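Copied over from TrEMBL, here are the features:
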- 500-512: compositional bias 'Basic and acidic residues' (COMPBIAS)
- 521-530: compositional bias 'Basic and acidic residues' (COMPBIAS)
- 69-495: domain 'Major facilitator superfamily (MFS) profile' (DOMAIN)
- 500-530: region 'Disordered' (REGION)
- 136-154: transmembrane segment (TRANSMEM)
- 160-185: transmembrane segment (TRANSMEM)
- 197-217: transmembrane segment (TRANSMEM)
- 229-249: transmembrane segment (TRANSMEM)
- 301-324: transmembrane segment (TRANSMEM)
- 344-363: transmembrane segment (TRANSMEM)
- 375-393: transmembrane segment (TRANSMEM)
- 405-424: transmembrane segment (TRANSMEM)
- 436-458: transmembrane segment (TRANSMEM)
- 470-490: transmembrane segment (TRANSMEM)
Amino acid sequence: MSNSHPVEKVEPRSAVAATLNQPGLSNNEVITSVDTYVPPKRTWKSYIWSTLDVPKDEAKFLTKLDITLITSAALGVMIRYLDQVNITNAFNSGMKEDLELYGNELNFANALWSAAYVFGQIPSNLLLTRVNAARYIAFLEFAWTVFTFGTSAVKNTSQLYAVRFFVGLFEAGHFPAVMYVCSSYYKPHELARRNSLIQIFVSVGPLFSGFLMAAVYEGLDGVRGWPGWRWMYIICGAISLPCAVWTFFAMPQLPGRAKPNWIFTQAEIDLARARMPTEKKFYTGLFKWKDIKRWHTTWHVYLFPFYFLCAGQIGQAGSSMIFWVKSYNVKGKPNVFSVAEINIIPLGINIITIIGALTSSWISDSLPGSARWPSMVFAALVGVVIPAALGATPVHPPNRGTRWALFYLTSLAGTAAGVTWTFVNETSRQDPEKRAYVGAMMNAFAYIFTAWVPIFTFPTSKQPYVNKGMFATSGFASAALLTALAIGYLDHRDKKRARLLGDDEGHKHDQESNSVPDSPIDEKSSELRA
């Protein structure tokens, strides 16, 4: 009598299969792992927050994880961007005059920062899979904090260039590392909103920097003979230091290497490994050159970095606003805007980006299949339209409000970054090393172009008269738009193939279960009947 077992259809989120190397296997042997992740059935509670829809012990673990991992990651990202962008606020608040930066020195300083950032990307992220991730991330934060303090004492452009290079070098591996650790603990349906929460602190850093520069200039400018912009670097370092300390104690190690500590018990570590089976093996980090060659046979390694490369240039349009505001102050005439206003007015871009990024992640999670590509398409489309409008209109129109509004609308082009990182992590979730590699490639390629493109498209000496740069930004956004559509198509194709493969595996299982071999007793009975 045959037994029939129902076949459960799966809804994979990544490519058809991931081939993972295992220590002890020969060069020709691989483990083929079909991604059969099925998003759980969701109630209305999960649309608010995922921990409201899981068992009590898992909810407790996720809450601990949110308090430690997400807060340390978000604060680390905030101070990184604070220490990255504060040079622009300093430049427009006295540094330009004090250091006589009347040419494109600011562009060159940013280019050196970007060059160091690119140089450190891939080595840093490949190293991440072989060391204590939490301690390594904390070390990076401590290191760039030292050079942030050092920026307060620079006396000339050479010293400024040197300090910016080392800040970029130590900041290089931070953001991809943070994304990598988060994707090692959270399931795909839990990741988008948390990634977006971390991503919005990319905007909180510059937002805080603007308010901080305004406050420091008003309260500390001239104290002990130091100008306000130097005091700002001291304050930034003082803010960064405790955040680095919190990362050292709070950020968890990767699940495969985690041990019980003052936050997580052994039972919770076991739960973390059970929730994310691909993260519990110690083969993480033991990849070889053949792994890199294998990754380069997939579209993820090419299209995600190219999208990020193009999307990274879209933000240049909004960064021109601070120069536009300052340009209304003409030498020999009463100032239209104060130093505080010059630093604060452009912060509307960051506020809108924060709200838009959160909205984008919530919408993405609510779409059928938690589709990520629509958010990427929307952001790129805004990047096509708004910079083109800025390039086609007068720099100083009769009604200042129209250009002001256009600058603020550029913020919507930066709302898909968190969703994009989630998408990357989902499509490579079966291969942790590939996930780290693609993340490093994304950041590296984005900053390779950021290192030199703005020198030609948004030269400091010509700000804010950069209409050609605005049109160039629209061109990059058009490329990002086409790439996002291609990514959406290829991801849909891979899911479809994975479903078919899952159905085939289920069909084989069904056939095997229906083919029960005769028992020795049945064989003997048959012989007697014969």
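Keep in mind that glycine also has a Cβ here, set from the backbone N, Cα and C atoms.
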**Message:** For the transmembrane segment (436-458), I need the partner stretch with the highest count of C-beta pairs below 8 angstroms, choosing only from 301-324, 344-363, 470-490.
**Reply:** 301-324
**Asked** Cβ under 8 Å to the transmembrane segment (405-424), counting only same-chain residues 6 or more beyond its ends: which ones?
**Response** 179, 188, 191-192, 195-200, 202-203, 300, 304, 307-308, 311, 314-315, 317-318, 320-321, 324, 346, 348-353, 356-357, 359-361, 364, 372-373, 375-376, 378-380, 382-383, 386-387, 389-390, 393, 435, 438-439, 442, 477, 487, 491
**Request:** May I ask for the residues of the chain that lie six or more residues beyond the transmembrane segment (375-393) and have a Cβ under 8 Å from a Cβ within it?
**Result:** 307, 310-311, 314, 317, 360-361, 363-364, 402-403, 406-407, 409-410, 412-416, 419-420, 423, 467-471, 473-474, 476-478, 480-481, 483-485, 487-488
**Request:** Report the listed stretch (160-185, 197-217, 229-249, 301-324, 344-363) having the maximum count of Cβ pairs within less than 8 Å of the transmembrane segment (470-490).
**Result:** 301-324
**Message:** Please report, as numbers and ranges, the same-chain residues at least 6 past the borders of the transmembrane segment (160-185) whose CB is under 8 Å from any CB of it.
**Reply:** 65, 69-70, 73, 76-77, 80, 83-84, 87, 99, 105, 108-110, 112-121, 123-125, 127-128, 133-134, 136-137, 140-141, 143-144, 147-148, 150-151, 154, 191, 194-195, 198, 251-252, 254-255, 272, 275-276, 279, 421, 424-425, 429, 432, 435-436, 439-440, 442-443
**For the domain 'Major facilitator superfamily (MFS) profile' (69-495), the mean pLDDT of the predicted model** = 85
